[in-house]
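Engineer: Here it is, the structure, as structure tokens.
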Amino acid sequence: MASFPTCSAEELTPLLGLAANATAAADYICNRFTATSDKFTNTTYAIDNTYLLFSAYLVFAMQLGFAMLCAGSVRAKNTMNIMLTNVLDAAAGGLSYYIFGFAFAFGGPSNGFIGKHYFGLKSIPSSSYDYSFFLYQWAFAIAAAGITSGSIAERTQFVAYLIYSSFLTGFVYPIVSHWVWSSDGWASASRTSGSLLFDSGAIDFAGSGVVHMVGGIAGLWGALIEGPRIGRFDRSGRSVALRGHSGSLVVLGTFLLWFGWYGFNPGSFLTISKSYNTSDVFYGQWSAVGRTAVTTTLAGCTAALTTLFSKRLLVGHWNVTDVCNGLLGGFAAITSGCAVVEPWAAIVCGFVASWVLTGCNKLAEKFKFDDPLEAAQLHGGCGAWGLLFTGLFAKKQYVHEVYASGRPYGLFMGGGGKLLAAQIIQILVIFGWVSATMGPLFYILKKLNLLRVSKEDELQGMDMTRHGGFAYVYHDEDSSSHPPQGFTMRKIEPSSATPSPIV
């Protein structure tokens, strides 16, 4: 927050000479100056809070993007189910993050592991946080839960979604965000007390690790413990494509996520009115916000084009779903270093992210891992690459502006290996923490028969068996239980009689 000069009547009185009522005049001038200064301070707070609220709205809009992407990526018989889980990620995550999550993440002063203040937003607003900050961080927390829901789509019981979503947003995710983003966190580059990790701290500006790796690794364990969908691999172990039913919804969801990412990455500055006190009055944090939007754009665009042509070479056709996933992989990767790298480096990030995603998908197929949305590969794999990328390409000037002067920066930019070492530690601890918490949770749910639906429900589709009817009349190519009925957007209810074809 910007500070303004103060006025002292004792200092001003001598400057007014021996004029009558000099002291009264000095008091009047100082009072008017202080009032004007307060107005500027209030305006600065208002501008920064409005900026943060607008960014929070953009990030929350990504939930609609997740919902559309998930709906288009699953078979039509599970459309209502996956849409409802996305709604519940936001609803259950809202309450759990309000009661516990925000306090665990940002409840300082505290220790380096977990926060301990602000439960139920007690003592908010304060000099440290306002309500807008809570809303912004809640939107991030439910994004992590939304990632996980894609990995376990089409075969998971409804109650399991409620349990894992509340646990992830209320405990698992907040602990990681405390480590990396809180001023007390042991790995935080913004730490204000104690020594920094490798004299640097881990730079994860908008959450390649905190959000994307957490959601992706949670999804990895959920999908591994639950097992692949029925029919995903044949008896000989060969992969069988269970294609999503709507490329249109996939593209719509991708564009909504793209739009929301401009709140996700540039919004992570939290303020926009800060000056960098350079000789160029036109250069300040507002410039860094714009640069972050540019690096985000370039990484995603490069990843999309790389995926387009690589898939053409590998499989012989142009696939819009693969291009959308490649685009999102580029965004997930650049999220860590978006504020501290040059635009040209973002192109490198996106190019490599595309191949990381392709490689992760090949490994998933080899080991018979089934993730309907490629969420674990995309967010987990590309998120990890994004952290490494930051340790390689972070620019000295930008690191010093965004964090503090004298900090280590990218290895390839001449800054040594300390930042890269901190990034590697962050990758390892996130993988370990999420594995140690979400893995046992999914295993317990499985043992209690609360994780996976029955074979009959999975084959028939959860829209019919669990949600009272299909989203619309449809015919899945891999389903023989429902005859072709045409296509309409009206909902139908379960019926023992076979409906007549729609002409």
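Indices start at 1 and increase along the chain as displayed.
Keep in mind that glycine also has a Cβ here, set from the backbone N, Cα and C atoms.
Taken from TrEMBL, the feature domain 'Ammonium transporter AmtB-like' applies to 51-472. Here TrEMBL flags 477-503 as region 'Disordered'. According to TrEMBL, the transmembrane segment annotation covers 51-74, 95-114, 134-152, 159-181, 201-225, 246-264, 420-445.
Help me see these features in their spatial surroundings.
Structural biologist: Sequence-distant contacts of the transmembrane segment (95-114) (same chain, at least 6 residues past either end, Cβ-Cβ under 8 Å): 120-121, 128-129, 133-134, 137-138, 141-142, 165-167, 169-171, 173-175, 177-179, 181-186, 193-194.
Within its own chain, the transmembrane segment (134-152) has Cβ neighbours under 8 Å at 52-53, 55-56, 59-60, 62-63, 66, 69-70, 73, 82, 85-86, 89-90, 93-94, 97-98, 101-102, 105-106, 121, 124, 160-161, 164-165, 168-169, 173-174, 177, 207, 210-212, 214-216, 218-220, 222-223, 226, 264, 267, 270, 371-373, 375-376, 379, 438, counting only residues six or more beyond its boundaries.
When Cβ-Cβ distances below 8 Å are used as the criterion, the transmembrane segment (246-264) is approached by residues 54-62, 64-73, 76, 140, 143, 206-207, 293, 296, 300, 320-321, 324, 327-328, 331, 335 of the same chain, each at least six residues removed from its ends.
Listed as Cβ neighbours of the transmembrane segment (420-445) (distance under 8 Å, sequence separation of 6 or more from its ends, same chain) are residues 148, 160, 163-164, 167-168, 171-172, 175-176, 179-180, 187, 189, 197-198, 200-204, 209-210, 213-214, 217-218, 221-222, 225-226, 336, 384, 387-388, 390-392, 410-411, 451.
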